[in-house]
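*Asks:* I'd like to ask some things about the structure below.
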């Protein structure tokens, strides 16, 4: 029997240390399933998962789809580009239409912060936030935490440096919340133009120099420079950005010798990370992809099989 006090996964905010640990422990079990020759279970047989992505994301959508299918669920991917949304239907109209089909879980990605929470108020099934604007991306933070925990054996009392375009990154926000909750020491390293207001109040130490921010770090998490979200001139040029904030061998030297190098993907090679580092021995970027499927399996199974579904987050 699974006991989990939440009906939805809308963000890391609202999860306790115990909630996070439960999800990570279940994800560890899901890793074993994914590494078997026979990868499919029947735990969610007869249940329906709808992936509703208003933003294109091949990686995340594929990961959620595979997670649901490995648990035996019926999975439907709704292509928004070919849907009534293009004809003027609102987010709520779409949600109500899908709700009438009686799905068991909606996985939602949307460009507007709070979209998943809004849907959760309108539908009778569970909702999983697969990224909402610059707000949160909870399953990414969970998979990052699982990757770190499996490599380091713990999350507490480690130094994690999150570097790059923090301003536009929902990944950074969710990771800061989770890592602080689990007792890690979190740093953000970025030019002032790529840092949101109030970042220090979230529990992150702020650095503007890679040499200082990466010193003795256990984990270096690089963020994609999200040029498609930029309305102004946040960086002088891509070349200058890489010179000061791109991760290369020289900058990595100040971190611990066994520091992990992470990236949520997709990468801009030569912009925020050099290929020699992305493909190097300290990189766990491929492991992050593997852990993503396991974490999403754990989330689906926990939400849908919980015997104690409580208030919405």
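Glycine is treated like the rest: Cβ placed from N, Cα and C.
Pasting the relevant annotations from Swiss-Prot:
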BINDING   59, 60, 109, 137, 140, 265, 266  carbamoyl phosphate binding site
BINDING   87, 170, 224  L-aspartate binding site
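Give me the structural setting of these features: burial, nearby parts and distances.
*Replies:* For the recorded site, residue 265 (carbamoyl phosphate binding site), the DSSP three-state label reads coil.
The 10 Å shell around the Cβ of residue 224 (L-aspartate binding site) contains 20 further Cβ atoms across the protein chains shown. Taken residue by residue with DSSP, residue 224 (L-aspartate binding site) is part of neither helix nor strand, so it is coil.
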*Asks:* Work through the binding-site residues one by one (59, 137) and point out the residue whose CB has the fewest other CB atoms within 10 angstroms.
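*Replies:* Among the binding-site residues 59, 137, the sparsest Cβ neighbourhood within 10 Å belongs to 59.
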*Asks:* Any idea what the Cα distance is from residue 266 (carbamoyl phosphate binding site) over to residue 224 (L-aspartate binding site), rounded to a whole Å?
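*Replies:* Taking the Cα atoms only, residue 266 (carbamoyl phosphate binding site) lies 7 Å from residue 224 (L-aspartate binding site).
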*Asks:* With every protein chain in view, what's the tally of Cβ atoms within 10 Å of the Cβ of residue 266 (carbamoyl phosphate binding site), excluding that atom itself?
*Replies:* 10
*Asks:* Name the residue among the binding-site residues 60, 140 whose Cβ has the smallest number of other Cβ atoms within 10 Å.
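*Replies:* Fewest other Cβ atoms within 10 Å, among the binding-site residues 60, 140, is found for 60.
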